[in-house]
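J.: Pasting a structure here, questions to come.
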Amino acid sequence: MKSKNQKRTYKHLSFDAKDGRHKLIPEGRYPIRSNHRDFFGKLPLKTLPRSLIQNPKSSGLLAPKLSLSAPYPCPRPPSARRKEAMKVFQVNGSTTLFLALFTDVTNSRQLLESVQAGKLEPEVALLNASLIPDVFPILAAAHKALVSKSRASLTTRTLHSELIYNYSGSKHITESLKRCGISDDTTYVLAARFAASHDEMKDVEKLIKGKEIDLLELEGRANNAQIQKHYKITPQELAISSLSDAIGFSTNLSGGREGFVAGCLSLGLVGVAAAPLKGLYIEAHHYSIRAFVRKFVNLNLSSYLRFLGWMPAALRMPEPELINHAGLDSVVYLRIYLIGLKLFVPMAILAFAVLVPINWTNTDTLKNSEVEFSNIDKLSISNIPLSSQRFWAHLIMAYIFTSWTCYVLFKEYEIVASMRLHFLASEKRRPDQFTVLVRNVPPDPDESISELVEHFFLVNHRDHYLTHQVVYNANKLAKLVKKKKQMQNWHDYYQLKYDKDPSKRPAVKTGFLGLYGEKVDAIDFYKSKIDELSKKETTEQEMIKKDPKSIMPAAFVSFRTRWGAAVCAQTQQTRNPTLWLTEWAPEPRDVYWQNLAIPFVSLTVRRLIIAVAFFFLTFFFMVPIAFVQSLANIEGIEKVVPFLKPIIEVGTIKSFIQGFLPGIVLKIFLILLPTILMFMSKFEGFTSLSALERRSASKYYLFLLVNVFLGSIITGTAFQQLNSFIHQSANEIPRTIGVSIPQKATFFITYIMVDGWAGIAGEILRLKPLIIYHLKNFFLVKTEKDREEAMDPGSIDFASFEPKIQLYFLLGLVYAVVTPFLLPFIIIFFALAFVVFRHQIINVYNQEYESGAAFWPDVHRRIITALIISQLLLLGLLSTKHAANSTPLLLVLPVLTIWFHRFCKSRYEPAFVKYPLQEAMMKDTLEHAREPNLDLRAYLLNAYVHPVFKDGEDDDNFSDDGEQVCENVLVPTKRQSRKNTPVPSKYNGSSSPSLPDIPKEEL
């Protein structure tokens, strides 16, 4: 006899259509009343959500339409364990769902093609049964689909695709169908159809060519590991619930936990409702709070002990593997951070062992000085008295640091040059290895540009010339193509919107941004726009091909061998050095097509204009900012707009204008600066993205040098020491300026922490891309294609990242002797940046182009520049310290450094601008021996055709079959190899990397 308070377990819930009440069948034939409140009174209350206990009507439990007509055919209820599978379920009122399970299916490919074409008859949902552990999640997904249909809020086009979409748990329609729908090689299929007649059920059985099996076999055949991976089900969840319950929770099939249990009960699945928390009797209300918090906070405390686990993973991939994965550009970029560590770690050890004690032991100099100082200044050269013999230590350390820097740069230049030559020797065949860009082709009245190019190279390079591609001015056509894609995107958006709700045709206003104008049918409007643009596009293409003015005096000329291309690219073609100018062609995805339309004769004038403009931008940058900031104060605004004075005088607004507005104005200018510099580089006419980024990086470095470094020292001194200047004689001012250099160490330490450390933290967190993505997703995303573009991680912004690194090199070299206390902050930055960017390159960033580390000479030159600046500043500082004996010896250092730079330039820089003929001949000989019948003309035929002429061809084939060979990737990554995923340019407007659709080579 069971006691009154003994807990009971209910195994089945039936529905009596006669009296419209649910009836529970408890274990052991225990009597129970059919009233719902009594039902909840009999169940253990701690297994049900409080909202259901307090208000069962809210869950829909009293609605007699929600029931299950057949016993639940799954292992849970013992009464349902029968050999005969129950295939028809009453899911929502009178709506039935037919389920059939098939194995050994042989026509999945045909079924998938019929589904994609919308020609599947009868219409049925086909699911990958290996991801289905039980019938219950399918029934819950079907119930949710029916609810969505009743509310006219289907996400997909049909009710059956909505079922698959709900079951997948993904918010992306395409991803959900790929994840849980069938593929062309699926052999284990679950078929589901709503409201199927007897004949339709027979048709479904005939449609699927396979062996029908009992639905009870779902549990035994399910791929549990794959299910846990897809739905991110943790072991902790499985410890308190079954796999099918966890799917219901993770996919939110019934609107949260309470809705999930309500859905179970409304479907007649009491066992499911009670089972998830079997053995775990806690308040559901508290569980709901914890589940809500878990959405935003990771409650697994043990995971915080492993939060730095990504660091060893980022360091695990060897450098050769990293080159294969991300390219030589990415690897050499990471070596810049390694150089920082190689330079400054030994410098810091030596400086703290020698210079810091020397500076610290003198205690009277700064106390007796009239110049303001901080505690850090006690560790700097400022703490050394005038004419002290201790300056010999600083002089010797300057020589040691210079020698160490030159040694590291020499070895690194040697290593990178060797890496580049090895990379070019081992690189698979690429179009740019056989192609040169010819510019300034002289006009001929009797021949077209194409005929002239062909004739010239047949005469002068007759044994090696293969083919050529003239350059067209297709900028107008590119704009039409871009606009057409935008119209097509809008058309797809409104078409999808109409497919979801066919009862209402979407409309749009024809005015600016759709804000005003006549209201017309959106689908027809954008369809007409697309047709109109297609006609203009065709007309423009024909005009470009017929109009001689559209053909530029330039061409991409391809050769039969790499040796022939190297000879042409690296020699003068005619007596006149200004005609038939040749250079190595960029790789196709590196070409900046817009600038090829710029006449070569105008490049000199363009670059002169930009040089003048950049000079004024750099040296008068603070003028426009000061002007804007003058308006960003109370008096300036009140003078310009006096009628706003009552509003401006409000306390909160006044505080904002005085405290934040000037800083915001400066920040906006700095954010726009890289874009301005890139525009200036484009105006100069460079024809490759790599050249554009290198040129923009050079400008940005000069800007930072003048405005951040020199500007902070000079301008900062004028303001901070203004009071001292007023009360000092003219002879004392140089000494004050000399002392002020180490005084700015505190400012630069703060700058390193705020800009450097915080920037690295923001990089690993991807805060800026996250914010931009959500803004785009909210305002701009209309289709799945838009969402994919918004989620694109992009590539490393070399034009803005590398100059900032060089600024830290400058700070480290300047303050290594002056204030060594700054060096640990520099070291921490380089160490963190190396690990973070290695992780980002492996897992996040794509590679937009491959230049073979062509930027390295610029990196070397900028470090040498920083070294010379540090020597000159130290020379000026010691001169103010009256160190007459040691100062003259510093004059030798800049001379030796310049000589070292010229030596490295002559010794190693040719490897970055020229291709050795010996290497070219060796590579040609090996390739000819391996593939004597290679059709190189077909390989190069469309390599350098402008993207707008390719009619949407798939040009993602960057590599040959040899590059598809499986490699031993030691670190699993979230992005793919550079060879398999060349990304389209963000500058040239091309939707493809502009690579040839060619026969693939074999090793």
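Even glycines carry a Cβ here, placed using N, Cα and C.
The following feature annotations were taken from TrEMBL:
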- 201-228: coiled coil (COILED)
- 304-412: domain 'CSC1/OSCA1-like N-terminal transmembrane' (DOMAIN)
- 336-358: transmembrane segment (TRANSMEM)
- 391-410: transmembrane segment (TRANSMEM)
- 433-595: domain 'CSC1/OSCA1-like cytosolic' (DOMAIN)
- 606-878: domain 'CSC1/OSCA1-like 7TM region' (DOMAIN)
- 608-627: transmembrane segment (TRANSMEM)
- 660-679: transmembrane segment (TRANSMEM)
- 700-719: transmembrane segment (TRANSMEM)
- 807-837: transmembrane segment (TRANSMEM)
- 979-994: compositional bias 'Polar residues' (COMPBIAS)
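Mind mapping these onto the model and telling me what they sit next to?
T.: Counting same-chain residues at least six beyond the ends of the transmembrane segment (336-358), those with a Cβ under 8 angstroms from any Cβ of the stretch are 379, 381, 384, 390, 393-394, 397, 400-401, 404-405, 408-409, 412, 802, 805, 808-809, 812-813, 816-817, 820-821, 823-824, 826-827, 829-831, 833-834, 837, 859, 863.
For the transmembrane segment (391-410), the list of distant contacts is 339, 342-343, 346-347, 350-351, 354-355, 358, 381, 384, 813, 816-817, 860, 863-864, 867, 871, 874, 878, 881, 883, 885-886, 889-890, 893, 896-897, 900, 904: same-chain residues at least six beyond its ends, Cβ to Cβ under 8 Å.
Sequence-remote contacts of a segment are chain residues at least 6 beyond its ends whose Cβ falls under 8 Å from one of its Cβ atoms, and for the transmembrane segment (807-837) they are 311, 314-315, 333-334, 337-338, 340-341, 343-345, 347-348, 351-352, 355-356, 376-377, 379-381, 394, 397-398, 401, 405, 701, 704-705, 708-709, 741-742, 745, 748-749, 752-753, 756-757, 760, 763-764, 796, 862-863, 866-867, 869-870, 873-874, 877.
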J.: Tally the residues of the domain 'CSC1/OSCA1-like N-terminal transmembrane' (304-412) by DSSP class, grouping H, G and I as helix, E and B as strand, and everything else as coil.
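T.: The breakdown for the domain 'CSC1/OSCA1-like N-terminal transmembrane' (304-412) reads 81 helix, 0 strand, 28 coil.
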J.: Calculate the per-residue pLDDT averaged over the coiled coil (201-228) and state the result as an integer.
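T.: Summarising the coiled coil (201-228) by its mean pLDDT gives 86.
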